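Copied from TrEMBL, the annotated features are:
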- 45-510: domain 'Major facilitator superfamily (MFS) profile' (DOMAIN)
- 43-66: transmembrane segment (TRANSMEM)
- 118-136: transmembrane segment (TRANSMEM)
- 142-159: transmembrane segment (TRANSMEM)
- 180-203: transmembrane segment (TRANSMEM)
- 362-384: transmembrane segment (TRANSMEM)
- 390-408: transmembrane segment (TRANSMEM)
- 420-441: transmembrane segment (TRANSMEM)
- 453-475: transmembrane segment (TRANSMEM)
- 487-506: transmembrane segment (TRANSMEM)
Amino acid sequence: MRWEEEAYSRTDSDGNPISLIEYEKRAAERKLSRWHLMSRGDLTLYSITGVGFFLDSYDLFIINLMSPIWNYEYWNGTYPPLLRGAVNAASNIGNIIGQISFGFLGDAFGRKFVYGKELIICIIGTILVISLPNSIPTPTLKMIWIFCFRLLMGIGIGGDYPMSASIVSERSHLHSRGRLLAWIFSNQGWGTLTGSVATIIILSCFKKTIKDEGKYNQLDAVWRIQMGIALVPAFATLIPPSPASLRHGHTPTPQSDTPLETNTIHNKFDSIHPGAVKTLPTIPTGPEDLEKLAPVSRKAKLNTFFIYFSEWRHLKTLIGTASCWFLLDVAFYGTNLNQSVLLADIGFSTGKSHYDVLMRNAIGNLIIAIAGYVPGYFFTIGLVELLGRRWIQIQGFLTCALMFAILAGGYTHLTTAGKFVCFAIAQFFFNFGPNATTFIIPAEVFPSRVRGFAHGLSAAIGKLGAILSALLFNYLAGPKVIGLANVLWIFFACNILGAIITWFLIPETKGRDADVIDFEEWQEKDVTLTGKQS
């Protein structure tokens, strides 16, 4: 399906092509009210598309909780900082590969053809991580094994970002699109919460053997179970719907890519798109067909991406989305991948035994998740259509910057409780702020023909920031380098710069139909070209 089919892929009762905005005005049959979040079919699809974000966040927090276990089990408290950073960053490195490759493949071959493959890769990677052979002789080699297959797992998780964002954006109504994108992204919150709760339960089950009997070799079972829990939602998503559910209700899937001929849009773009098929797919407008509405580009090629972003007005938006995601991830992942280190440094994760330290660490992570991390997502869901994306992103960046400034400037004077509260507030405004909106905006601001690749590229550049933090945080935070307080000043600067870039480079996307804007831009070019030829 060509770009001109994307913009006006809805028809009125007479079969005439209309925009998404006009389609929504005329679709009187539509039963969804302004505040209705989703239908049953949508709930099924958004639950499926949210699994990747659940796994991403679960992995993020589980590695944060597993690193102390490996520190005790394999290194006796001397886990090398650079090796620790590399293992923590492995999944993020894989994310970059998955985000770019699956984003392009989704644009080139269609969402339906590609969707689901990334989850299989994630499952294989997870199984191989927890299958770490005990026969591997040295701790370093064991960490190399974990690094390699966490990287593979990360490819699958990363591939879900552009695919889920594109699918949800292309099947949502303008008035609820941001809310629905925030909804699927909020699965990160549940992943975080699940990771903390699971760790507390698992450690409690092993309390007698580890703490009372001193069998610290049982920590090996603890981290494998922690990691293996991620397979439950992954396998559940791969299970096909039962025949009964197919008989009694529609189970939505990513839209088929087969175009059907209907009216023709008469535009002259052969000089730019030689041989373009100027047809529209037939899209029924009844409520039972509304859920199937997800136009997807199958013939998009890499040169389409470069042609689109050769114009500064488009390129500056891509620079804005990518750089804001990068700056966010430097601070967000720097904090979250090393939250156990931060909790220990502020004096929260203390105890008489290794078991006590691990349990206090898990409890601290759980409190921060409940108090700040998870509620932030739901504030975004509730307010994103009211306040807009730019406002939420800017205020989130600025509030996080304030928290990091307080922590960095008063690090030696603040009490443990004061530091803990600042970290919790920062987590809240990460998620009621740029962590959610850097995902939402690229899914809305770019047209369908480049959306998957542009979203994947923005996310991949963001993950570069996460990798930098994962690799360098433990090294830089050491007292012999710059110290933790100065690392927090770096996070402060990243948030301030993110707010500035958002203000100057990123447009508001609330109510924006990027496909119509794209179509109208080409109409203007066609008029200009025709005028010159005449």
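Just so it is clear, glycine is given a Cβ too, placed from its N, Cα and C backbone atoms.
The stretches the transmembrane segment (362-384) and the transmembrane segment (118-136) do not meet in space: the count of Cβ pairs below 8 angstroms, excluding pairs fewer than 6 apart in sequence, stays at fewer than three. With Cβ pairs under 8 Å as the measure, the transmembrane segment (180-203) is packed most heavily against 420-441, out of 142-159, 390-408, 420-441, 453-475, 487-506. Beyond the ends of the transmembrane segment (118-136), by six or more residues, the same chain brings 51-52, 55, 94, 98, 102, 142, 145-146, 149-160, 163, 220, 224, 227-228, 230-231, 234-235, 237-238 to within a C-beta distance below 8 angstroms of the stretch. The domain 'Major facilitator superfamily (MFS) profile' (45-510) scores a mean pLDDT of 80 in the predicted structure.
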